[in-house]
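Annotated features, as they stand in TrEMBL:
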type    : residues                       : note
DOMAIN  : 219-388                        : domain 'Helicase ATP-binding'
BINDING : Cys451, Cys454, Cys491, Cys494 : Zn(2+) 1 binding site
BINDING : Cys460, Cys463, Cys478, Cys481 : Zn(2+) 2 binding site
DOMAIN  : 475-643                        : domain 'Helicase C-terminal'
Amino acid sequence: MIVGVQPLAGFDKLLHYKVPEHLRAEIHRGSLVRVPILNRPQVGLVLEADTIADVPVERLKNILEVMQDYPALTPDLLALAKWMHVYYAARMESVLEAMIPAAVRDGTRLKEERFLGLARPATPDELVALKKKAPQQARVAEFLAQQFQLVKKSLLLSRLGVTAAVVTALVKRGLVREEVRHVERVAYADNWSGGEVVTGLPPKLNPEQTAVVDSVGESLTKGKFAVHLLHGVTGSGKTEVYLRAVEQVLAAGGSAIYLVPEVALTPQTVSRLRGRFEAAGHQTVVWHSHLGEGERLDGWTALASGKARVVVGARSAIFAPVRDLRLIVVDEEHEPAYKQDETPRYHGRDVAVYRAKLAGATCLLGSATPSLESFANVKSGKYRLDVLTKRVDDKKMPDIQIVDMRIEVMRQRGLVTLSRLLVNHMQARFERREQTILFINRRGYSSSMQCRKCGHVEQCPHCSVAMTYHRADETLKCHLCGHQRGSPAVCPSCAAPDIRWRGLGTQRVEEAVRRVLPRARMERMDTDTMSKKHRFREILSEFRAGKIDVLIGTQMIGKGLDFPNVTLVGLVDADLSMHVPDFRANERTFQLLVQVAGRAGRGDRSGEVVVQTFTPKADAIQYAKRADFDGFAEVELGVRKQFQYPPYRHLIHHLFRGKNPEKIKFYAEHWVKQVEKALGSAVEMRGPTPSPIEKVKDEYRYQIWYFCARATKVVPELVRLQAEMKWPDDVTQILDVDAMSLM
Ligand code: ADP
Ligand code: ZN
């Protein structure tokens, strides 16, 4: 038999090998194998089993070893790898690397443990003799005679206080046998849930939830590919719906993948899931970036062997080698965190939909603020829409109050961090021993300009995105089309001299809070605290225990948090996300407002939300205030349609970088001409223009944007053209299909 193997280290080509007789039964498509490459053993993946070689059979080498009992990729994952390779213009090697964890690729073995058992019982005479001559051996023999199963050697030695030599002597006598076994580490008793596993009886579903569970259940029962979009307001019990769907799948013997944007940020969700599934006897694998190699391998093996049938994890859990996949849940499907920002630049949600399609499974996308991409798929009839319109137990939606910062600046004269309304509310909360969360939006892009008096932001006349300020040559530039103008000294709209940089640091907010609430206990959570995972958990549990009055953090922190005593949420600067050079800025702002508002009033008392902005009339803010997703989506989809932005067309980003700016520019311009010739009207191009950040680590960057109706047509063409052209070594290119932002 001959197989086609894709090497996994620096060799992007399919190679052929012979399979020796003794390995034939073990080898399948998707198996990881060791093969000789340039006379060195390397790891590869079998892409084609039983194939025909492109060289004479005599010259083929043998496969050296099959590395695991289970294929690393199931047939649906193999098909998925091929699709990602083409769709995202990513090298096969990098796709496989993303799909198969390093611990598995490296062929790390499961942890080995030595076990002891009785080979045969000692006769009474033997025992008497042993007790005299070697009392320690006698003790071990007696101890083992009382055990029903094998005993870990290390445990026995420490328990009886004997040395390994004692055991060896017993083995020699033929009384004791020693066995090596693979044991699993505890990947599932993972500590992201803080060790606390929430148990308790599941709640009785309300009528809306019942309807959604039935709707999803129908697709699960049919067992055909279907996508459901669950639009449920914050606190409407979406998680409970996901849980029921997973339970239905597990009960029917299938497997489920449950994606969350970021495991570290959703410890509550993870502990709820584990509590529920493990109580029902289902081992639950938690998959995240902080797993050790050994834990990763164990979790992976548990899934590949079918021992575990449910996995909860971030983006890369979509590649879990589960058997008989019936359901994929994508929680917070609108989250940009699902897009990977290195090769392969895939979108976890989109890959989830495609994998569900390949597996004939149900994909359940859920959000309080669905992405316009998914919503458009509902409108075109591709996805089914399910809705939860009310909070559980008819809890009120929080009341959103908008503060016009232009008026605030006039009244308070000067820089204002906290408005009087927000301060009053915070003080009242502090007196009542209720809690406040202040969000600072760190997605902000410091180089857009905004008038502090009227709120005006300069937009590109051609692209409807904010212009970016360039200090070096005092210009405003559009990074989409390259349009530029001199930067204004006074506001182009109201002529005030107050036009300036945007930007508000966490620190300034902290100082402002100290001034108005000197006795309050306050904590800050940002990327620094997040990287120390223990501190992050500590703060959360202190906050839950009521030891913190005011929590200041970026909106990333707020995801999925459920603190009953939080009755006030403040968004310090809503404009930071709105006036950025990104056509999704309005969508992001709407999502941000609705999501942070959702953190308030989760308990018995209703919540209030204060939003500070210089542009109170903006659609994103007005629709969020009314909690009107449909209204917002309609307006925003109208704008997208007008400019033919996603979801109406695909957006592809092409980055060129290198040390020599002239050379980069030259090649980028030459490239554009080639694409025009080859693709004509199938693609619309913008650029090349310098990237928003023109120079990174001494490399200059130019970019091109492509808009096209059919990425599946255009991307392979771009790849083909790339291969045809001669490129110098010092020009690097990166294609990003379905790029998430214009920044
Ligand atoms: P969402 O994910 O939509 O924000 P959750 O699923 O987190 O909402 O639900 C919010 C809270 O309501 C949780 O504490 C959850 O346990 C509870 N809950 C969900 N469904 C019900 C129900 N049918 N009856 C009572 N409580 C429920
Ligand atoms: Zn423009």
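Cβ from N, Cα, C; glycine included.
Because TrEMBL annotations are produced automatically, they should be read as predictions rather than curated entries.
TrEMBL feature annotations superimposed on the structure.
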residue: Cys451; record: Zn(2+) 1 binding site; Cβ neighbours (10 Å): 23
residue: Cys454; record: Zn(2+) 1 binding site; Cβ neighbours (10 Å): 16
residue: Cys460; record: Zn(2+) 2 binding site; Cβ neighbours (10 Å): 21
residue: Cys463; record: Zn(2+) 2 binding site; Cβ neighbours (10 Å): 21
residue: Cys478; record: Zn(2+) 2 binding site; Cβ neighbours (10 Å): 24
residue: Cys481; record: Zn(2+) 2 binding site; Cβ neighbours (10 Å): 16
residue: Cys491; record: Zn(2+) 1 binding site; Cβ neighbours (10 Å): 22
residue: Cys494; record: Zn(2+) 1 binding site; Cβ neighbours (10 Å): 14
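Note: the Cα of Cys494 (Zn(2+) 1 binding site) and the Cα of Cys463 (Zn(2+) 2 binding site) are spaced 23 Å from each other. The binding-site residues near ligand 2, defined by a Cβ under 6 Å from one of its atoms, do not include any of Cys451, Cys454, Cys491, Cys494. Of all the binding-site residues in the list Cys463, Cys478, Cys481, the shortest Cα-Cα distance to Cys491 (Zn(2+) 1 binding site) is found for Cys478.
Rounded to the nearest whole angstrom, the C-alpha distance between Cys481 (Zn(2+) 2 binding site) and Cys451 (Zn(2+) 1 binding site) is 24. Mean model confidence for the domain 'Helicase C-terminal' (475-643) is a pLDDT of 82. Spacing of Cys454 (Zn(2+) 1 binding site) relative to Cys460 (Zn(2+) 2 binding site) is 18 Å (Cα to Cα, whole number). Following the DSSP three-state reduction, the secondary structure of Cys451 (Zn(2+) 1 binding site) is strand.
Between Cys460 (Zn(2+) 2 binding site) and Cys451 (Zn(2+) 1 binding site), the C-alpha separation comes to 16 Å.
Of the recorded residues, Cys463 (Zn(2+) 2 binding site) and Cys451 (Zn(2+) 1 binding site) place their C-alpha atoms 20 Å from one another. DSSP assigns Cys478 (Zn(2+) 2 binding site) to coil, not to a helix or a strand.
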